[in-house]
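Visitor: The transit peptide annotation in Swiss-Prot covers 1-72 and rests on sequence analysis. Taken from Swiss-Prot, the feature topological domain 'Lumenal, thylakoid' covers 73-93, 137-153, 203-232, 288-296, 360-389, 437-445, 490-526. Annotation comment: Swiss-Prot describes 94-114, 116-136, 154-174, 182-202, 233-253, 267-287, 297-317, 339-359, 416-436, 446-466, 469-489, 527-547 (among others) as transmembrane segment, evidence class sequence analysis. Annotation comment: Swiss-Prot describes 175-181, 254-266, 318-338, 411-415, 548-776 as topological domain 'Stromal'. Summarising the annotation, Swiss-Prot assigns domain 'RCK N-terminal' to 524-649. According to Swiss-Prot, the region 'Disordered' annotation covers 728-776.
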Amino acid sequence: MAISTMLGSISCCPSPKGYEMVKQHSVRLKHCVFTVKSSVPVYSEGVNDGIKLHSFGNLVKKKVFLDTSKRFYFQGRWSESSGRRVETYAGVDVASAVDVINDLGFDTLTFLMVTVIIVPAFRILKASPILGFFFAGVVLNQFGLIRNLTDVKVLSEWGILFLLFEMGLELSLARLKALAKFAFGMGLTQVLLCTAAFTAFELPPNGAIGTKILEFLFHSRPDLVNIRSIDEAVVIGAALSLSSSAFVLQLLAEKGELPTRFGSATLGILLLQDIAVVPLLVILPVLESQDIGGESIWPMLAKESAKALGGLGILSLGGKFFLRRIFEVVAETRSSEAFVALCLLTVAGTSLVTQWLGFSDTLGAFLAGALLAETNFRTQIEADIRPFRGLLLGLFFVTTGTSIDMEVLFREWPNVLSLLGGLIVIKTLIITAIGPRVGLTIQESVRVGFLLSQGGEFAFVVFSLANRLGVLPNELNKLLIIVVVLSMALTPYLNQLGRKAADFLDERLDPGEKIGEDVNFDVSESIVIIGFGQMGQVLANFLSTPLVSDSDLVGWPYIGFDLNPAVVKESRKLGFPILYGDGSRPSVLQSAGVSSPKAIMIMYKGKKRTTEAVQRLRLAFPGSPIYARAQDLPHLLELKKAGATDAILENAETSLQLGSKLLTGFGVMSDDVSFLSKVFRDSMEIQAQEEITASETNAGLKPMQMKASDINVVSAATQKQVQLMKPMQMKASDSNSDSAAEILQETAGLSQPPEIDDSSVNIDNGFVGKADKAQD
């Protein structure tokens with residue numbers, strides 16, 4: 001087995017793992033002989049027992065042998081021009097691969113133990129587990145519990161790749177086009193303005209404004225954060241303009257806000273920032289090079305960017321035509337192992353290709369997800385990668401916490417806090433100012449500004465490269481990394497602060513002036529529809545028909561509210577009475593003239609947003625019925641507890657409607673189909689009430705069994721219906737003689753329903769309660 005080691009790691013002090021201390025036998029030797037040269041000595045075990053030594057600098061005499069303890073010994077003589085001689089011996093222990101594996105195994109066990117403790121604890125505290133992982137990284141690093149940090153960091157970066165891949169899977173082509181507006185209209189402007197602002201703050205060189213402020217406030221050393229050149233200022237400014245995709249996207253996913261316009265704007269900006277890393281990585285070597293003289297860097301930058309964009313386009317087209325076909329072929333084998341392996345290969349392969357093109361690997365992972373977003377395999381792919389994504393992303397947050405140099409933090413904490421505050425304030429103000437120009441409300445702009453005001457993980461890449469090329473001094477590099485890491489840790493709190501600021505602005509602004517005066521009827525007791533998307537418009541049309549009201553009016557009077565200006569504008573063109581504003585806030589409803597709504601229909605899709613709206617409106621209007629959309633049974637129970645009068649399991653009603661059409665197509669009478677649908681809906685409400693009473697949130701379905709005993713005379717249509725519904729077992733053993741007559745009456749179209757066993761009713765989906773009449 002070939003064995004190699006870098007002797008440059010050896011120093012005349014306690015050595016790293018796997019090496020002994022260099023032994024000096026002469027006080028006349030000023031430096032360790034084996035680290036004077038930058039060349040890397042390499043040992044390799046040959047065919048025989050002999051060992052060859054390469055690139056060993058100025059050694060005149062070389063002698064190497066291998067003993068039975070698998071330890072390399074070497075002896076060298078170094079002759080100086082003065083004729084002095086020194087002789088040095090060193091022993092190097094070869095770190096075996098087993099040691100590396102053991103270290104990774106120990107680190108893995110440590111991380112899994114931390115995950116088991118942190119995630120439940122922070123869920124109980126109702127805090128984001130991201131913070132728990134971050135502080136765990138700080139603690140583990142301080143106590144030296146992570147043995148192989150370099151390899152762990154490499155492994156943790158896969159978590160970001162899986163996160164971006166999953167985000168790509170959630171995007172359709174239409175949503176990608178919508179994101180382009182935010183990416184280029186808002187993201188590009190944000191990167192340019194933030195870079196310019198931070199650069200101006202760091203100029204002029206050797207006397208920057210920021211340096212003078214820190215000296216005045218905290219008496220900091222002039223050389224601590226002093227900028228030496230314009231190039232250095234541009235690099236720092238551009239790196240600080242980036243935000244953290246990993247922290248922000250994970251937070252939005254936890255809150256269920258990715259599908260919202262606020263989430264789309266945030267995602268669009270983050271995608272543009274990923275693309276912006278490319279010119280940064282191209283410019284840095286150019287800035288460091290001393291050979292370009294007065295030549296412009298723009299031709300080189302344009303050339304590299306064009307090459308990268310062309311390669312990205314080829315990758316997109318190739319993936320569109322070949323990637324889907326590959327998944328089809330593997331899926332036909334029905335091998336779960338091969339399918340999971342293909343998912344991992346797709347993420348890794350596209351990431352490597354985009355890295356080779358000059359883009360970030362995360363952009364490649366996102367692109368792969370977007371290419372598979374509209375295939376039939378999306379659901380299975382998400383299910384397969386979710387465990388990998390969750391654990392590896394947690395590992396990334398742990399390794400982020402290990403990046404803090406605690407010695408520098410404690411020594412320079414006033415400067416750290418000042419730089420941290422300046423970073424958050426400048427980015428928040430710039431992003432908030434840009435938002436309304438691309439169609440966001442001031443409230444949404446404030447939220448996006450706070451959420452993206454932290455630094456990003458790509459700043460580590462830029463700072464590291466700049467430091468390695470000599471563009472950024474080491475002390476300033478450590479300080480900036482601390483600032484970026486702390487800002488990333490504050491992301492959950494920045495999100496909460498942005499939400500509170502948006503709420504404050506929403507209450508301070510006069511909603512009556514915002515939403516206009518286009519409603520020409522009394523809305524004080526009208527039905528309120530909150531969220532006027534497609535479902536809201538269908539409901540509005542349903543309420544407008546004369547058949548739903550026995551008065552002289554054309555249907556029931558209603559008023560709609562929506563925060564999307566485009567939706568409001570288009571709906572008004574179609575004649576809908578809709579106002580601009582957040583209808584989930586009582587102050588907005590009261591300003592619009594709604595004092596005692598006849599009913600409130602909440603058409604939001606997000607779970608958390610819907611529940612919060614129900615809670616606020618129930619407190620403000622205790623006598624008004626409130627109806628809402630539930631995503632699943634636990635959400636329905638949560639809405640009921642929050643004060644909703646009734647709720648709809650929207651996905652289940654679709655299943656019931658499709659099932660009804662299926663049975664009708666099989667020839668089942670429409671009355672029988674309607675009866676069956678009613679049984680399901682009523683049984684769902686019964687179990688929901690039982691779940692609420694028992695305070696349970698079990699989303700599973702109980703097997704539904706209908707009992708009908710001693711049926712001696714049943715119509716032909718009923719017999720046919722029973723034959724078609726094999727999953728519903730009809731029992732005829734446990735009922736009295738009246739049951740047959742009741743079933744016969746219902747089959748003949750009478751109103752008396754049959755008895756059903758409440759304890760065995762299957763309820764997963766469908767309308768609950770009185771909302772079954774409001775079909776979407």
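Each Cβ is built from the backbone N, Cα and C atoms, and glycine gets one as well.
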Visitor: Across the topological domain 'Stromal' (175-181), what does the mean pLDDT come to, as a whole number?
Guide: 72
Visitor: What stretch, picked from 233-253, 446-466, 469-489, 527-547, has the most CB pairs under 8 A with the transmembrane segment (416-436)?
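Guide: Stretch with maximum Cβ contacts: 446-466.
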Visitor: Any chance you could find the range in 182-202, 233-253, 527-547 with the most Cβ pairs under 8 Å to the transmembrane segment (446-466)?
Guide: 233-253
Visitor: What counts of helix, strand and coil residues does DSSP assign across the domain 'RCK N-terminal' (524-649)?
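Guide: Across the domain 'RCK N-terminal' (524-649), the residues distribute as 53 helix, 25 strand, 48 coil.
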Visitor: In terms of Cβ proximity under 8 Å, which residues at least six beyond the ends of the topological domain 'Lumenal, thylakoid' (360-389) contact it?
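Guide: Result: 157-173, 176, 245, 271, 274-275, 277-278, 312, 315-316, 319-320, 323-324, 327, 331, 339-340, 343-344, 346-347, 349-354, 458.
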